[in-house]
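Have a look at the structure below, then the notes.
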Amino acid sequence: MSWKVFSYPNQNLQIGLLLMRFRDLGQQWYNLHHQSISMPAKSFVIIFLLPLFSVVVGHETVQSEEYPLVVSTWPFIEAVRAAWKAVDGGSSAVDAVVEGCSTCEELRCDGTVGPGGSPDENGETTIDALIMDGVATNYHLTMEVGAVAAMRYVTDGIQAAKLVMRHTEHTLLVGEKASEFAISMGLPGPTNLSSPESLEKWTKWKDGRCQPNFRKNVSPANSCGPYSPTHYLQHPGETCSSTGHILTSNSGLPRVGLHSHDTISMAVIDRMGHIAVGTSTNGATFKIPGRVGDGPIAGSSAYAVEEVGACCATGDGDIMMRFLPCYQVVESMRLGMDPKLAANDAIARIAKKFPDFLGAVVALNKKGEHAGACHGWTFKYSVRSPAMKDVEVFTVLP
C-alpha cells in the first residue's frame, strides 16, 4: 500500500500561520487585561478567537484511524512488528520505539545493530543509540533526548539511551563511562559484545594488512599501525571542483553499505498523537576506536517535533552528521514542504557537496503521511499502520 504524500497549499499555509499568530496575540492581550475586561468584552474575545482556533486546528487534524503508526529504516520486519504490538496495545510512542529497537538489537539485524557485529580496528564491538521524545507542550517535559555513544560491555543500547533521558539532565554519555552508568542503573553487564563472526571478520581484515580503513594522511598508508601523521598540502585523491564539490577517490576506504554499516532508525506515533524516534547501531565496520557516528546525534539520525512530524536517517554517518539531515527535514515540513519534498531537499543538500555519499532519510508528517529519499543506493523502509494487515516495505530509488 502506498500513501499519497500530503502537500500544504501555499495559500492555506500562509492563512493558517497568520490566523495562528493573530490567535496568539489575542490570547496574550486577553491574559494581560482580563481582570479589567467586562463580561461582554470577554465573550467577544472568546467568540472571536474560537473560530480562528478551529480553522487552524481543523486544517491539521489527523483522523483517528491513521494512528498508531510505526516507520523504520530498512526491512527490519520483526522490529516494526514488535513496536506495533506495543503501541497498538496502548504503549506510549517512547516505549514502542524502545521495544522495536530492542528487538533489532536482540536479533542483531543484518549484523549492524546490537552486539556481535561491526568490529573496530581493535576487534571490539561498541554500541551507539538515541531516543527522542517529540512531545512539546506546556504539560509535558519537552523535547527530551537521551543517547549513548561508543558504549562498551552493555548490549541494550536503546534501553541505556532511555535511562540517560529519564534519569539525567544530560543528552549524551560516551564510552566506558556510559557503560558504567547503564550498569549502575540496572542493565546487564559487563558483557563481551564481540561474536565469533565479528572476530573472524576482524582477523581476516588484519591478515589483509588492515585494508581498507578510515585513516588518511598517515604513515604507514597501506598496512596496519601504529600510525603517525604525515605532512600534506591536500589529501591525496581529494580535489575541489569549480562547483564546490568535494571530490574523493573511495578506492582505499571501506564502503559504507547495507551490510558493512547500518542503523535502525524508527519513528512511532501513538494513539494520543505523540511522536518519538530512536536509533541503534554498532557503527561502521573497522572504524577507528572511539569513533562516534550520526546514530546518537539528535537531528542527524533522527528527530521529532510533535506539532510537525519526524525523520529517520541511515547511511554514511560521518558525512551526514555534518548536515543534520533529519533536523532539516522536520524544519522543512514545518515551513510547508510535504514529506517527499522535505526528504529530497535534505538529501540534495548533502549530495551537492558530497556526490559520492551513500545515505537515505524517511520523512513522516503529523498526519502520518510518509516518503523517503536516498542517494547512491536503493533504500527500503518499513511501515505499519491500522490500514495494513502487516508490515509493508517501501522501496525508494536513488
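Just so it is clear, glycine is given a Cβ too, placed from its N, Cα and C backbone atoms.
Now, the feature entries from TrEMBL:
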- THR263: active site, nucleophile (ACT_SITE)
- ARG291, VAL292, GLY293, ASP294, THR314, GLY315, ASP316, GLY317: substrate binding site (BINDING)
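Put simply, the residue listed as 'active site, nucleophile' is 13 Å from VAL292 (substrate binding site) when counted between their Cα atoms. The secondary structure of GLY315 (substrate binding site), as reduced to three states from DSSP, is extended strand. Listed binding-site residues: ASP294, ASP316. The one with the lowest count of other Cβ atoms within 10 Å of its Cβ is ASP316.
Distance noted between the C-alpha atoms of ASP316 (substrate binding site) and the residue listed as 'active site, nucleophile' is 10 Å. A gap of 9 Å separates the Cα atoms of GLY317 (substrate binding site) and the residue listed as 'active site, nucleophile'. Cα spacing between ARG291 (substrate binding site) and THR263 (active site, nucleophile): 15 Å, rounded to the nearest whole number. Cα separation, GLY293 (substrate binding site) to THR263 (active site, nucleophile), rounded: 10 Å. According to DSSP, ASP294 (substrate binding site) sits in a coil region rather than a helix or strand. Our reading of the substrate binding annotation (ARG291, VAL292, GLY293, ASP294, THR314, GLY315, ASP316, GLY317) yields a largest Cα to Cα distance of 16 angstrom. Reduced to three states, the DSSP call for the residue listed as 'active site, nucleophile' is coil.
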